[in-house]
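Here the structure is laid out as structure tokens; the discussion comes afterwards.
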Amino acid sequence: LKDQFDNLDKHTQWGIDFLEKYAKFVKERIEIEQNYAKQLRNLVKKYCPKRSPKDEEPRFTSCIAFFNILNELNDYAGQREVVAEEMGHRVYGELMRYSHDLKTERKMHLQEGRKAQQYLDMCWKQMDNSKKKFERECREAEKAQQSYERLDNDTNATKADVEKAKQQLNLRTHMADENKNEYAAQLQNFNGEQHKHYYIVIPQIYKQLQEMDERRTIKLSECYKGFADSERKVIPIISKCLEGMILAAKSVDEHRDSQLVIDCFKSGFEPPGDFPFEDYSQNIYRTISDGTISTPKQEGMRIDTKTTVGKAKGKLWLFGKKPKPQSPPLTPTSLYTSSTPNGSQYPIFSIEPVHYCMSDIKTGKPRIPSFRSLKRGWSVKMGPALEDFSHLPPEQRRKKLQQRIDELNRELQKETDQKDALIKMKDVYEKNPQMGDPSSLQPKLTETMSNMDRLRMEIHKNEAWLSEVEGKVAARSDRRHSSDINHLVTQGRESPEGSYTDDANQEVRGPPQQHAHSNEFDDEFEDDDPLPAIGHCKAIYPFDGHNEGTLAMKEGEILYIIEEDKGDGWTRARRHNGEEGYVPTSYIDVTLEKNSKGA
């Protein structure tokens, strides 16, 4: 390789270019890792739920598992960032620093080699110049010798010419000898420098270039290893992330999710009952057979159909429930349903029009709720907020009310603890006045007591709503159970047409029929019966009743007690006009009665 300096120059340059090429590869890999981690984080952020209220938090195991997977994926993205950072620090940064040092070292070694080559070339030029000068002087000496010999042999030449030619010959011979000596010295010097150049200087420079190239190769090997180690270090954590995803997948419970759906959408309503059989043949009268004694009971038969509306509740009909009666068109003659023995008719004001209207209401429209329910529905539509959750189904309303009661109880407990702490601090201040003024705590104590009273009132109000919901659900269940029992009990005789045939005189009775219709009307609209009075009270002090659910009263006013104090300091009362609400127990004088339901 002593004569391959240019090739070594190209090889070392190729080695540095390859090093920089690998550094560029590592840089692009780092950018890929960073972009990958960034995209993963953006993906997690896109599908992660925003901060939602407590009621909207995911409860399904599949959703919780998905959010756990997103968290693990976010950690995985963090590990990709760690890989990129480690590669940038251990590999790319080290390669760039080493590449700069390598370029500097290579430049220095090449400069030394070029200097040695230039010095050798200079020695060769000096030797070549002395050689050419020696050669020129030798030719001049030969020419002088030939000229001297020619004049010496020429008989016509003068002695002076011969002497001059001899002197010229001696001069050229002497100069040739001097150039010969100089040429020999330059040649010896060049041979020595050339030997030193090819056996000492150049081998040393080549050795340094070789060591530099080997260090470059070793550095590449270390960077390859560091490149792999950067990935291998995070493999345990990445494995934990993947294990977390697998555990999240295993935590999905389809039965629990189904139960959550059931609990979330359970309404508490009873399924609709069976549709009754509507017998449209009641107004078709039988053809009297030949062997039958004809009796004039057509008028009574029509009244029988109407009478069953009020009397036949709970009786066993042909298809389980009583058919809805169909009234004939109202005519002027239908107002007369009986006649005197002399043939004159007297008017009996039948309830057929009322019954016809009621039948139309019952068959063509859904059941009208109670007046209290209508009032509550009107307040729900008109009011800004549904505080009692009356817009929800019974089961959902019960859950919401129970949650609110639990929250209010927690707040009440906090206020109670704060009151106890303030009382203790006040006692300490009273015993040690230098620690503080006891009167400074009174406003805070008053505010806490007011908050406690407000929370107790809210709890009581929500408990009343909750008991109302639970009572309605229980009542609905009891009514359904009793209707199922009554459905199987026969309370009278039935004719083939399905009308009650106990007694014809009872069937044409007017006032009971009207009373039966009024009872059915009351059953339609009085779904929620008022609570019975259990006593009475007299207001000792006046009460404003500004808060919702309370009842204002004047001093000396007499009220009915419908619910006793349950320990929270409030009693439920009712005025004579039916207005109900809570009043402070300490503001009234209560008198309870044993048999006061009808009072």
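From the backbone N, Cα and C atoms, a Cβ is placed for every residue, glycine too.
Heads up, TrEMBL stuff is auto-annotated, nobody curated it.
Per TrEMBL, the feature domain 'F-BAR' maps to 1-257.
Positions annotated as coiled coil by TrEMBL: 124-168 (among others). Mean per-residue pLDDT, taken over the coiled coil (124-168), amounts to 87.
What TrEMBL records for 391-468 is domain 'REM-1'.
The annotation coiled coil is assigned in TrEMBL to 398-432 (among others).
Annotation source TrEMBL lists compositional bias 'Basic and acidic residues' at 474-484.
Per TrEMBL, compositional bias 'Acidic residues' is recorded for 521-530.
The domain 'SH3' annotation in TrEMBL covers 532-593.
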Beyond the flanks of the coiled coil (124-168) by at least 6 residues, Cβ under 8 Å: 175-176, 178-180, 182-183, 185-187, 189-190, 194
Helix, strand and coil totals (DSSP H, G, I; E, B; other) for the domain 'SH3' (532-593): 3 helix, 29 strand, 30 coil
